[in-house]
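To start, the structure itself, in structure tokens.
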Amino acid sequence: MMTIGLQRFAEQPKYTEVNPGQDALLVCKVIDKRGVCSWQKDNKPVGIYPKKYEWASQYGIGQTAHVGGDCSLWVRAAQLEFDDGLWECQVTASDFTTQDALTSQPVRLVVRVPPQRPRLEHEGVHVPPGHNVTVDSGAVATVKCVSHYGNPPAQLKWYLGEQEISPIHPQTNSTEPDNPRTWSAASVVQIPANKERHGTVLKCLALHESYSARSVAVEARLDVKYAPTVRMLGAPQIDLEEGKDSLILRCVADANPPASIVWRRAGRSEIASLQESLQLRPVGRRDAGLYTCQAQNSVGTSDTMSVQLDVKYAPKILSAGPDRLTTAPLFSPAAFECVAEGNPTPTYKWVQRISTQGKPFLDRGRESRLVIDNVTYDYQGEYECRATNFINGQERTATSDPIALQVVGAPQVLRTTSGGVAGHSVSVKKGDSATLSLIVCADPRPRHVAWEWGSLRLEAGSGIGRYRVDDVTQDSREDCYLATLHIDDADLQDQRPYYLVVENERGTDRHAISLRVEGMFSVVEPLELSYLLGIAGGCLAAFLILICLCIYAVRARKCCFRNRNNYKTSEKDSEKADLKSRSDSTSVPPLDSIYTTPTGFHHHHHHPHHAAHHPHQNGTPGSPEAMKTMPVLRTFGNHVA
């Protein structure tokens, strides 16, 4: 016996979309189909009409036993008004007892309708294509994208720049009130607005199969308003020199909406400029100062940018003095003052003009004020003040008009030569001519000029023997004169200091210059040679005296030993006589007096001739012969005493 199974769906209809005017197939297949197929749309039965609703299988009608029965339906030339809706596939029961009737899940047949172009709304206001979504920096921009009258509703996507962003919640779809068979799709995004997102493109993309390109987009730029920030361009990197350099400063503002620029200068109430650029052509010292720029728009005001301009300029002498001519007494103080302007602040140098070949100037000071504590004729002459600074590594110098210093007073023999070298000595070879020169300065002019050495004195313009003094001649310096002594055929005896003596109404001065004569023995000065000879003679005399003392001591000891042996203690009278003799002998002059030269006796009342020659009758003092005459000298001495 064969068992018959219950009918059931092999395939139920599915969601289907179709463009207007196209055919749509609603698939419905049944296993063990025994009942009759039918369709419903929106809960209402649909009849079979040729060229409108047709069975997909020609065997679909009247077949009571068809394995894999096909109940699919063709919807021809689909139209929104008639065909769009919920469709169900139904099969009646095999018989009234089996209760196996079938009804499919309702599925939607959609007859597509292309939606309108999507549109953007910001804060409830439509944003036309190509317009901006304006929002303040720091706020949140809420933008809505709406697609109307589409079937099915369009699928909406968001892009910020090239990056896809998510809406705050899934898009909402609702039927249009005036056309319930079409849909309105809406999606909302929220974008935190900041300066970096200004100008970024916000795009809403509507996807729909009925669009020719399958999608339509609408765009708007984010217009983020923010307060200005400024930066400064053109700040000088090198020194700006007055009258030579130009300067263009730019105050560039980053702002939305565009900001207005204001340039100000510190210490002044007026506005320096309202332009982006501040131009100084060329710069002057009055342009130096602190400059600031600031930008302002409807959102706010920028911070202040500043630049310090320092305009350099070369030195300029304002004054040098106190007077063009200053007269100072000799050995008194004098001072000069120099005032100069310049940027950077100049350094000062005082120089004295001199006529020395190869060195026309002599440094005298490094301060603005030159103080000479003790004026001498060396300081007489013209002075210049030099002010110096450096601009971009280049030296700039200003020189004052010359200032004259006139020295008056007693003569002064300069201790240095005109070349600045100490002139204390002159060396010549023996037999050559020697020239000794000194410079003397005096105001008034000297009335007496002479050279002195030893006991000699020669006035200017005179001579004697090998010595000749020139008349004084004018030196290159004012109030200074050259005095010269010539010595012909110089010899060692000319080696000595020579003194120049000068006199005028205010006083005198005297200074020496030494002459060195180089000969065979010139390595030793005369004074040094005599000094060495004296030392040598003294040493020789001391040595001879020592020998004499030694001889005398030996002889005296022998005499005393002989006298001691002849002494007789038993003869009292002889002893008394000997004591008396010894007592008398103590009055004899000391030993040193015995050996002095005869001039030592010139104070006695004896004949000088006798006193002078008596000690030498028997020999020289200190000799053995002299020792033999000692008793005679002693008796002579007692007689004299």
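Each Cβ is built from the backbone N, Cα and C atoms, and glycine gets one as well.
Keep in mind that TrEMBL annotations are predicted by a computer and have not been checked by a curator.
Marked as domain 'Ig-like' by TrEMBL: 7-103, 118-223, 228-308, 315-404. Taken from TrEMBL, the feature transmembrane segment covers 531-554. As annotated by TrEMBL, compositional bias 'Basic and acidic residues' applies to 571-583. Per TrEMBL, the feature region 'Disordered' maps to 571-628. Annotated compositional bias 'Polar residues' per TrEMBL: 584-599, in sequence order. Residues or ranges marked as compositional bias 'Basic residues' by TrEMBL: 601-616.
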Per Cβ pairs under 8 Å, the stretch of 118-223, 228-308, 315-404 packing most closely against the domain 'Ig-like' (7-103): 118-223
Local confidence of the prediction over the domain 'Ig-like' (7-103), expressed as mean pLDDT: 86
Helix, strand and coil totals (DSSP H, G, I; E, B; other) for the domain 'Ig-like' (7-103): 4 helix, 41 strand, 52 coil
Secondary structure tally of the domain 'Ig-like' (228-308) (DSSP, helix then strand then coil): 3 helix, 44 strand, 34 coil
Within the domain 'Ig-like' (118-223), residues counted as helix, strand or coil by DSSP: 3 helix, 68 strand, 35 coil
Number of helical, extended and coil residues in the domain 'Ig-like' (315-404), per DSSP: 3 helix, 57 strand, 30 coil
